Amino acid sequence: MPQPLATELATSVNAYLEYLQVVRRTPASSLAGRRQDLQRFLEFARERGLERVEQIDVHSVRAYVARRSRLGLAPVSVRRELSSLRSFLQAQCRNGLLLANPAAEVRSPKVARRLPSAFEAEPLNVALDQEPDGALEARDRAMAELLYSCGLRLGELQPLQLGQFDAGLSELRVTGKGGKTRVLPVGAQARAALAAWLALRPGGQGAGAALFPGRDGEPLSRSAIAGRLKLWARRAGLAGRVHPHRFRHAFASHLLEGSGDLRAVQELLGHANLATTQIYTHLDFDRLARVYDQAHPRARSKSGPK
């Protein structure tokens, strides 16, 4: 029986996937995605007669990306597949099979960044103003209040400990992306929601105890928080799709609409780059035009005869 083409290349791919699993301890879901992406490239390589890693060059990578795009694959999917291939080829550079990564010179397809939808201010405030019925609803409302009042990411809310909230200073210390810490002001409504929850909160009272614990005393999982927020929103009459990131976007959008201070919003969100905030917290064109007309010296017409 003849050996299939790209046998050596397939062996290199399998060795790389094993490295990700055993050494890098890549999560099973991510590993499955990498495997699928690289399998598609192996099929392409067989058609092109690429049997070894050393035969892969920038032209073959570009041809693969073009092929995937022509098949109607979404740009975000092509980007993911190219990223998987780029990582594999970079590993082959470290192994000495390639002098340079041929995929490094191939540009990823541009993907239009979708703005997350924000809750409207009035229905969200109506929902948050409702008094909770019992400890669980008090906890859920406090989580929703912090997400909206402080603009937290889910990954910042989930591991919060009691010691990170200073009621006296009305401050919350959170650790964001890249391990960066920022101190956020906690408004009156969020303080009240937290006080109502803390009065009912079971479990340890030490500074290292979970602010939002589950039955086992450990912090609620991210999926549990997302599920509880959906349940809270439904009971509070908050319409539309509910997920934690919508609260953060509502925080940013409403704060920017009220203040126009992009830099301040950037700091509160914990964005390293202002460009991220500009995309994340969009302003409508009419508001931008009004700001321009009011603030720019060349926007106003000169008085007197022309």
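Using the three backbone atoms N, Cα and C, a Cβ is placed for every residue, glycine included.
Any TrEMBL annotation is an automated prediction that lacks curation.
The domain 'Core-binding (CB)' feature in TrEMBL is assigned to 7-93.
Residues belonging to the domain 'Tyr recombinase' (110-293) score a mean pLDDT of 85 in the model. Per TrEMBL, domain 'Tyr recombinase' is recorded for 110-293.
If you take the C-beta of R153 (active site) and look for same-chain residues 6 or more apart in sequence within under 8 angstroms, you find G176, K177, P244, H245, R248, G270. Under the heading active site, TrEMBL lists R153 (among others).
Its Cβ taken as reference, K177 (active site) is surrounded by 11 other Cβ atoms within 10 Å in the chains shown. Under the heading active site, TrEMBL lists K177 (among others).
Under the heading active site, TrEMBL lists H245 (among others). Counting every protein chain shown, the number of other Cβ atoms lying within 10 Å of the Cβ of H245 (active site) is 14.
The active site annotation in TrEMBL covers R248 (among others). When secondary structure is read from DSSP and collapsed to three states, R248 (active site) falls in the helix class.
Under the DSSP three-state reduction, H271 (active site) is assigned to coil, being neither helix nor strand. Taken from TrEMBL, the feature active site applies to H271 (among others).
According to TrEMBL, the active site, O-(3'-phospho-DNA)-tyrosine intermediate annotation covers Y280.
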Counted with DSSP (H/G/I as helix, E/B as strand, rest coil), the domain 'Core-binding (CB)' (7-93) has 72 helix, 0 strand, 15 coil
Could you tell me which of these active-site residues, R248, H271, has the fewest other Cβ atoms within 10 Å of its Cβ? H271
Provide the three-state secondary structure of K177 (active site) computed with DSSP. helix
